[in-house]
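Please read the structure below before turning to the comments.
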Amino acid sequence: MTDSRMTSPTTRRGAAGTDGDVGSRSADFARASGAALSGERDFAFSLTDFGRIRHLIYQRAGIALAEHKREMVYSRIARRLRALGLTSFTEYLDMLEADTGETEWESFTNALTTNLTSFFRESHHFPLLADLVRQQGKPISIWCCAASTGEEPYSIAMTLVEALGTRPSASVLATDLDTQVLARASSAVYSGEQTGKLSQEQLRRHFLRGTGANEGKIKVRPELQQLVTFAPLNLLAPSWQIGGPFDAIFCRNVMIYFDKATQARILERFVPLLKPDGLLFAGHSENFTYVSQAFRLRGQTVYELAGKRARGA
Ligand SMILES: C[S@@+](CC[C@H](N)C(=O)[O-])C[C@H]1O[C@@H](n2cnc3c(N)ncnc32)[C@H](O)[C@@H]1O
């Protein structure tokens, strides 16, 4: 898709935005559940196979898969078996464990991530971000560490433009473990349904509307896209080559997949990466208060460094 085939959107609104991947994965799940119920499966999938997968994804990405995810895991990894022309999970897992390259490991982790996201998800965070960046010294830098298909970092970038004006002295580093979602995020193309939470003014100011073959699609304008840099990053990696410190870290709806010990280690590593007045934004069901003493609650699912003096003190 090229920009020349995109025009400014006028009056498009749709259903609340969701990650398009979720649709296909829900379909997978429904198919797998149906198959399991009827006893039909393309491949045998033993408890041992499931246990090996749980162990490998936990080691690789920190993702702690619950027992009830067995059917979901079957359907997602069965796709890999079909793609590789393999006939059993055991064969696939033996091949994966023997693989010293990254290619199949990347497909394996991509298959097991959950990428649900939307524009301005947990909308109460964005006015707080706008207030913060107006007060902070420039340039502003934000890290979004589980960026998925890009709706979150582009929402951050829109907030920066709306708070600081066009061409703000600001940047957003958007990282994720899943290389497939990052490729979609970099393309910056969304369906009308995915942009449903955006106002007419936001659509007009920050997006181009597809025409012809791209009818119904929306693309982020280049000037907004330029504020965001996408890069792969595993939060479990022993070192993060990301610079910093940042004015804000968005770490939303990813810690829920990790156990408490992993969450605590990651939170400790955030401390030197946040400016003294910086904020850490968490997801709606994430509570870091009992995980780490390094942060204290500042508002609804928003944290500040515990080591800094209280505002106005
Ligand atoms: C449910 S999405 C959340 C997206 C967005 N932050 C939001 O709140 O809408 C979780 C994301 O975390 C990513 N993820 C899972 N494990 C990760 C890890 N070890 N390192 C970095 N990202 C990871 C997944 O690939 C997925 O895109």
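Glycine is treated like the rest: Cβ placed from N, Cα and C.
Because TrEMBL annotations are produced automatically, they should be read as predictions rather than curated entries.
Taken from TrEMBL, the feature compositional bias 'Polar residues' covers 1-11.
Residues or ranges marked as region 'Disordered' in TrEMBL: 1-24.
What TrEMBL records for 38-308 is domain 'CheR-type methyltransferase'. The average pLDDT for the domain 'CheR-type methyltransferase' (38-308) in the predicted structure is 96.
All protein chains considered, the CB of R121 (S-adenosyl-L-methionine binding site) has 21 other CB atoms within 10 Å. Residues annotated as S-adenosyl-L-methionine binding site in TrEMBL: N115, T117, R121, E152, D176, N234, L235, R252, N253.
Largest Cα to Cα distance within the recorded S-adenosyl-L-methionine binders N115, T117, R121, E152, D176, N234, L235, R252, N253: about 22 Å as a whole number. In sequence order, L116, T117, R121, A146, G283, H284, S285, E286 are the residues near N253 (S-adenosyl-L-methionine binding site), counting only same-chain partners six or more apart with C-beta under 8 A. With a 10 A radius on its CB, L235 (S-adenosyl-L-methionine binding site) counts 23 other CB atoms from all the protein chains.
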